[in-house]
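Asker: These came from TrEMBL, pasted as-is:
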type: BINDING; residues: G481, A482, T483, G484, Q485, G486, K487, S488; note: ATP binding site
type: COILED; residues: 194-241; note: coiled coil
type: DOMAIN; residues: 464-668; note: domain 'FtsK'
type: TRANSMEM; residues: 33-54; note: transmembrane segment
type: TRANSMEM; residues: 93-113; note: transmembrane segment
type: TRANSMEM; residues: 120-142; note: transmembrane segment
type: TRANSMEM; residues: 162-183; note: transmembrane segment
Amino acid sequence: MAKKRTSKKIAPISSDIKPSIFAFLKTRQAQTILGSFLVFFSIFLTIAFISFFFNWQEDQSTLTKLTDKTVRSKNLLGKIGASLSHFFIYKGFGIGAFLIAFQVFLSGIYIIFQKKFSKIIISWNWGLLAMLWISITLGFLHKKYALLSGIVGFEINEYLQAFIGKTGLTIVLAFFLIAYLVVRYKLTFDAFIEKMKQKRIENQEKRLASENETKTLDDDSEKTENQNIELKNTIKETKEKSEFELSVENLKPTISKHSDVGSKKEELTLKVEKELEPELKVEETVEDINDVGIDIAIGREEEHSTENLSDKLVKDFGEFDPTLELANFKFPTFNLLKQYNETISIDPEELEANKDRIVETLKNYKIGIAEIKATVGPTITLYEIVPEAGIRISKIKNLEDDIALSLSALGIRIIAPIPGKGTIGIEVPNKKSTIVSMHSVISSKKFQESPMELPIALGKTISNETFVVDLAKMPHLLMAGATGQGKSVGLNAVLTSLLYKKHPAEVKFILVDPKKVELTLFNKIERHYLAKLPDVEEAIITDTTKVVHTLNSLCIEMDNRYDLLKAAMVRNIKEYNVKFKQRKLNPNDGHQFLPYIVLVIDEFADLIMTAGKEVETPIARLAQLARAIGIHLIVATQRPSVNVITGIIKANFPARIAFRVTSKIDSRTILDAGGADQLIGRGDLLYTAGNDINRIQCAFVDTPEVEKITDFIGSQKAYAEAYLLPEYVDDESGTTVDIDIADRDKLFREAAEIIVIAQQGSASLLQRKLKLGYNRAGRLIDQLEAAGIVGGFEGSKARQVLVTDIVALDQLLENEKNQ
């Protein structure tokens, strides 16, 4: 009986369990729990995946020791997170695995909000397709970046490339991307075109509405500013006093009739209320009853008619853009520059050995070291030491040669102390130096985002940071060093930096190359970046006599620019150009946008030996005065001794670069300090701007790279001619003005008419209008001066035109014939 009862009780319990479980799973509570679990699991996966990218190499060993409690994973979610990430990312789909976490999250949201199960399936299908596409696409990357694509994506990419090639696979992937977007998001070309049309129509409607609003405001303004008002024929009589309140809209522009009033005198007060500020009340007393004439004058400030004219021009036309003439100019691309392996590799044993030798050498001289630290650079390593208390710095400084002997190395340099730090620096050359490419320096964030006016990327410091300086703040640069130590490469680095950063409208170069071979490649960019005298065929100057003329012409340019700054009431070129861009300066008054001018002189010593005093005076003037008006000098020489660069010139070159020299005397001549004799050559340099001295490895730019850059720029649209400097005529080369009428040029009459009509006596005007060479245009100007049509030479200014119009010109030429 008992057993039967027991069996009867157990049977119904077991039969009710399954229905109750399935019933619970269909409840709202179960769906909420499942959806929440998926949401939190997706967050778990995301954190694990992100952590995996930072710690995956360190966690490789933990994957085989999941049960070992002593082994801990670096992953934020422990061994489970590392294992899941390893499976989905490394062995799976790389970055695309993040879509798995996203789909899990989306599924949880769909379940919580009771979306259809079919919608979840469709979402997973699209997500998996996108994940596979991303993984295969990232498989194009190099093997060392295989983690981004995962093994699945990388292997599929390799397999497909073997059959259809890299180009074919790119086309296939592009097709699938378009198909994916079209099918999933219903994107079609018709819809895109229709959307663009609607957007254009909306913009037109907005513009028309804005124009109508502006027109309405203008009409209202015109009505409020009318000075003469026409009153209507009849004026109503009032009992005591007639008072009219007229709004501006009811007033006519002129008075066409007089008002006829009864025989009785009345005082009429006319109040005019204006809708716009300022309010004006005009009172007029009518004394003549039979014939009343009302004149209403509205007072206005005259300044309002011309107020903020420059702001109105900027609003209508925008700020002046100096680059507009070459708006499509493209700066050189980075791929024109060669890339080198710039990974700094130094043997830890070498660092340790050098450290031990330094410490041992100092101990031999009873100098204790409290601390030592090494900073590895491209070509040298800086060892910073902190001596024990009571040690004199001069004692360590005198051991420079002894430390060099113990390390068996050249170029040991001691900085005692390092500015801004309480340490002493010992610079030791690396056994394997690293080439600093111009590519790495130009493409650096520090150079590309530099707000400097004339940024120059010289190279990299000991801490491997890009070293960028502003030529506009130097304001002039003296570059010196022995033959073959990198001066020419340094000049190329300076010019390349400016070519990569400044538009042709913003900077011009004057290149002086006595060696005739160093700067010739820049001839290709003559009409883009170079400046020259009007009568010179080649922009790059190699002739000493032309150098003298160019420097004197540059002094005239400097004086002219100072006159413009004075007229504009500004202190420097930056303020002037800002004012000109804001259209606050009138071009009819001679104002124009002023580009920076950089004068580069290679082998200055050779120039001094051949030209001597003729060069010194203009160079001294430019060095002293040219900073504010944007003319900057870069002078390179082997040794800037007193007989090459005088004290006045040298004092105005606070920024100096010293490459390796042969003696300490030469180093002091350049830097006013030692150290340049301890450099190792091959672009190793010291830079100072008058305060600290920085050791830099100059960026290397080779001749083929310069050629590619100049070819790239030279192939683009250019200005009609190079930037022309003012005409310069020295005292000895002045011409007489007594020219026979029979010897006049055939184009004399036409040239005279052009000059008189334009009222501008300029040879360059004749060159443009008559398409002549400079020499013939100059002769025509001389003949016009002899005929009394234009005045004498006035430096860079156009000659004064002495004849007012064509009638006066005809009369003048007719009188000549009669004589």
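In case you wondered, yes, glycine gets a Cβ from its N, Cα and C as well.
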Asker: Output the single range from 93-113, 120-142, 162-183 maximising the number of Cβ pairs under 8 Å to the transmembrane segment (33-54).
Answerer: 93-113
Asker: If you count the other Cβ atoms within 10 Å of each Cβ, which of the binding-site residues G481, G484, G486 comes out on top?
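Answerer: Selected residue: G481.
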Asker: For the ATP site given as G481, A482, T483, G484, Q485, G486, K487, S488, which other residues of the same chain have their Cβ within 8 Å of the site's Cβ centre?
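Answerer: My list of surrounding residues reads Q638, F659, R660, G681.
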Asker: State the count of C-beta atoms found within 10 angstroms of the C-beta of Q485 (ATP binding site), not counting that atom itself.
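Answerer: Q485 (ATP binding site): 25 neighbouring Cβ atoms within 10 Å.
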Asker: Taking only same-chain residues 6+ apart in sequence, whose CB is under 8 Å from that of T483 (ATP binding site), what do you get?
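Answerer: Counting only residues 6 or more apart in sequence, the Cβ neighbours of T483 (ATP binding site) under 8 Å are Q638.
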Asker: Relative to the Cβ of S488 (ATP binding site), which residues of the same chain, six or more apart in sequence, are found under 8 Å away?
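Answerer: S488 (ATP binding site) has long-range Cβ partners E518, D602.
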Asker: Within 10 Å of the Cβ of A482 (ATP binding site), how many other Cβ atoms can be counted across all chains shown?
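Answerer: Its Cβ shell of radius 10 Å holds 19 other Cβ atoms.
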Asker: What is the pLDDT of the coiled coil (194-241) when averaged and given as a whole number?
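Answerer: Taking every residue of the coiled coil (194-241) together, the mean pLDDT is 57.
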Asker: Show which residues of the chain containing K487 (ATP binding site), separated from it by at least 6 in sequence, have their CB under 8 Å from its CB.
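Answerer: The answer is M479, A480, G481, D602, A636, Q638, F659.
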Asker: Hey, which bits of the same chain come close to the transmembrane segment (93-113), Cβ under 8 Å, at least six residues off its ends?
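Answerer: Cβ under 8 Å, 6 or more out: 31-32, 34-39, 41-43, 45-46, 49, 85, 119-120, 123-124, 127-128, 130-135, 138, 146-150, 152-153.
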Asker: Using DSSP and three states only, what is K487 (ATP binding site)?
Answerer: helix
